[in-house]
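Chemist: Could you have a look at this structure, given as structure tokens, before my questions?
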Amino acid sequence: MTIDMSMPGSSGLLTAVGKRDMKFFSNQYVLVLTGCAGIGGFLFGYDTGVISGALLYIRDEFPVIKDNYFLQETIVSMAIVGAIIGAAGGGWINDAYGRKKSTLLADLLFALGSLVMCAAGGPYILILGRLLVGLGVGIASVTAPVYIAEAAPTEFRGGLVATNVLMITGGQFFSYLINLGFTEVPGTWRWMLGVAAVPAVIQFVLMLYLPESPRWLYWRDEKAKAIAVLEKIYDSNRLEEEVELLASSSMHEFQADNTASYLDVFKSKELRLAFFAGAGLQAFQQFTGINTVMYYSPTIVQMAGFTSNKLALLLSLIVAAMNAAGTIVGIYLIDRCGRRRLALTSLSGVVISLVILAMSFILQSSSSLCMDGMNGSCQGTLGYFAVAGLALYIAFFSPGMGPVPWAVNSEIYPEAYRGMCGGMSATVNWISNLVVAQTFLSIVGLVGTGMTFLIIAGITVLAFIFVAVYVPETKGLSFEEVEQLWKKKAGGRHDNCQSLLGDAA
């Protein structure tokens, strides 16, 4: 591909003949950066999963919690509240102080929160610990995808960002194993919550030896440091191209002594379009029901007629394992099929699986469809259909709508606003997460399980339309090309970027 871009205010004309053919495992340095940054995703996933098991033992230790549903809900949701605050402020911290310092801050908050929870002598100290952990998770949810994306070669940037999502799902799976492993150990819930400090400390130490994001360094006019990092990622021919793209991009308009404003996001049409696409993806990721499944899968199984607690907990483990396995498939596909196509395929399958789930519950509740004497057999068959729908949901959601929103949000914003807009869209994700977690069971109580899943299926159809209309394809595009894409969509006069839009319309 030949790019001929004359950038406003640039010193000249950039002609880059980019043969982008690096392979996913071809650069061990990039994989190390990704793995270390991905520990933040692991902490994210572990925290969302571990509390479900720990709460059972917390209730036994503190009688004041056992009969107080508000305190139980507060203990669970306070981490989400912290994550909302952390994500909102984390975007600004990323842009002002860099991705590396943001990661270190997230680790400190997470480790401190884990230790506070481990040592808590009552519910309110426990809630404080959950808030601290949530702040760390919120900052990490913004920082890790951006850090990975800015160090990743264009041709497998999506796969590397999706690796962070694999760490999230792996953290959830590991949390269920930890819950099972500590059930017979004295101080059960304290171990469950306190052990999370270990990976936070490990990441903190590793990050001390890793570099800052090269793009952030270049934007902050620390060009020599940026190039030194890029030299470890690219060979000499490719390095020259990448440096020229950085030098010729529009990020030169944002000098280090200028501070990007949240209002700028809504004043600029191209930023509005990018943020609308990114935030919309994050909202639909939650409203299409993923955390309904992750938080309530044991409850859903019991609703389907399988009353055994052991079976319900086992299914939670299986669902988490399927979620992680599906994310691996997403890592393979996201840079081959593209973000947009993968999301649309994922949403199509999610609609089908939600309809299967809904009809299973609706038919199950209609006893007139089961002949007398065969009611138990009929109910059992429909229960298996419900479980099949649940499995099908995870199989379709995890490769697409799991990683795609995070990958897209890590690459669609200009450098000066990448942390800020990424933080804003992550905040939308966490708020949507909170809404879903707090309303699912209430809606089930009002309209029934079957109708609730039909409502989610309807929302998923809207999500499909949204992606088809508003989300462009960014597969294979550099950050500079993506920026030109939004300028074109906003009506800017950038005729020289026509060739960039061929695969992105």
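Keep in mind that glycine also has a Cβ here, set from the backbone N, Cα and C atoms.
Annotation source TrEMBL lists domain 'Major facilitator superfamily (MFS) profile' at 33-475. For 29-58, 70-92, 104-125, 131-149, 161-182, 188-210, 273-296, 311-334, 341-363, 383-408, 428-447, 453-471, the entry in TrEMBL reads transmembrane segment.
Describe the structural context of each listed feature in the structure shown, including burial, neighbouring residues and relevant distances.
Modeler: Same-chain residues lying 6+ beyond the ends of the transmembrane segment (29-58) with a Cβ under 8 Å from its Cβ atoms: 65, 72, 75-76, 79, 103, 106-107, 110, 126, 130, 133-134, 136-137, 140-141, 143-144, 147-148, 151-153, 160, 163-176, 178-180, 183, 188-189, 192-193, 196, 199-200, 202-203, 206-207, 210, 232-233, 291, 294-295, 316, 320.
Only residues 6 or more beyond the boundaries of the transmembrane segment (70-92), in the same chain, are considered here, and those with a CB under 8 A from a CB of the stretch are 47-48, 51, 55, 58-59, 64, 102, 106, 109, 123, 126-127, 130-143, 419-424, 426-427, 429-431, 433-434, 437-438.
Outside the transmembrane segment (104-125), and at least 6 residues removed from its termini, the chain residues within Cβ reach (under 8 Å) are 40, 43, 47, 62, 64-65, 71, 75, 86, 90, 93, 131-137, 139-140, 143, 190-191, 193-197, 200-201, 203-204, 207-208.
When Cβ-Cβ distances below 8 Å are used as the criterion, the transmembrane segment (161-182) is approached by residues 34-35, 37-50, 52-54, 144-145, 148-149, 152, 188, 191-192, 195, 294, 313, 316-317, 320-321, 323-324, 326-328, 330-331, 334, 398, 402-403, 406-407, 410-411 of the same chain, each at least six residues removed from its ends.
Within the chain, the transmembrane segment (188-210) has long-range Cβ neighbours (under 8 A, six or more residues past its boundaries) at 32-33, 36, 39-40, 42-43, 46-47, 50-51, 53-58, 61, 100, 103-104, 107-108, 110-111, 114-115, 117-119, 129, 133, 136, 175, 178-179, 182.
Taking Cβ pairs closer than 8 Å, the transmembrane segment (273-296) reaches residues 48-49, 52, 172, 265, 319-320, 323, 343, 347, 350, 354, 390, 393-394, 397, 401-402, 404-405, 408-409, 412-413, 421-422, 424-426, 428-429, 432-433, 435-437, 440-441, 453, 456, 459-460, 462-463, 466-467, 470-472, 486, 489-490 in its own chain, all 6 or more past its ends.
The list of residues near the transmembrane segment (341-363) in space but at least 6 beyond its ends in sequence, with Cβ under 8 angstroms from a Cβ of it, reads 281, 288-289, 303-304, 330, 333-334, 369, 382-383, 385-386, 388-390, 392-393, 395-397, 399-402, 404, 448-454, 456-457, 460-461, 463-464, 467-468, 471, 473.
Tertiary proximity for the transmembrane segment (383-408) is limited to same-chain residues at least six positions away from its ends with a CB under 8 Å from its CB atoms, namely 145, 149, 157-158, 161-162, 164-166, 169, 277-278, 281-282, 284-285, 288-290, 293, 297, 300-301, 303-306, 315, 319, 322-327, 329-331, 333-334, 339, 342-343, 345-350, 352-354, 356-357, 359-361, 364, 429, 463, 471, 474.
With a cut-off of 8 Å between Cβ atoms, the residues of this chain six or more beyond the transmembrane segment (428-447) that come close are 73, 76-77, 80-81, 83-84, 87, 138, 141, 279, 282-283, 285-287, 289, 291-292, 295-296, 299, 303, 405, 455.
Packing against the transmembrane segment (453-471) from elsewhere in the chain are residues 273, 276-277, 280-281, 284, 287-289, 292, 339-340, 343-344, 347-348, 350-351, 354-355, 357-358, 361, 401, 408, 443, 447: each is 6 or more residues past its ends and has a CB under 8 Å from a CB in it.
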